[in-house]
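Some features that Swiss-Prot has for this protein:
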ACT_SITE  63  active site, schiff-base intermediate with substrate
ACT_SITE  68  active site, proton acceptor
ACT_SITE  83  active site, proton donor
MOD_RES   63  pyruvic acid (Ser)
């Protein structure tokens, strides 16, 4: 069975408030995630919300990586969508554990665009 894309949806709970509010750190962490996944960044956009929260998007040649934070809820939502390769979600969670403080991760792997 062939698919057009692979979508990884990551929900992180019990995240550290101060880390979520450190916009520069979150931007660098997201860029390094793209590098760790061996993807090519072609565009990026980041927005700091007031009084708190952050959203970021990396357009990669393979598709996109996005992050949204809710410091008041100690929550991060990350999406990784690619049209070229599947990723080992365990390696991604290991990377996130090395770079973010959180208590619980929920991951959904979605195969997109089934081709007959």
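Here the Cβ of each residue, glycine as well, is placed from N, Cα and C on the backbone.
Secondary structure at residue 83 (active site, proton donor), as computed by DSSP, is coil. Around the Cβ of residue 83 (active site, proton donor), 15 further Cβ atoms fall within 10 Å across all displayed protein chains. Here the CA atom of residue 83 (active site, proton donor) lies 22 Å from the CA atom of the residue listed as 'active site, proton acceptor'.
Residue 83 (active site, proton donor) sits 6 Å from residue 63 (active site, schiff-base intermediate with substrate), taking the CA atoms of both as reference points.
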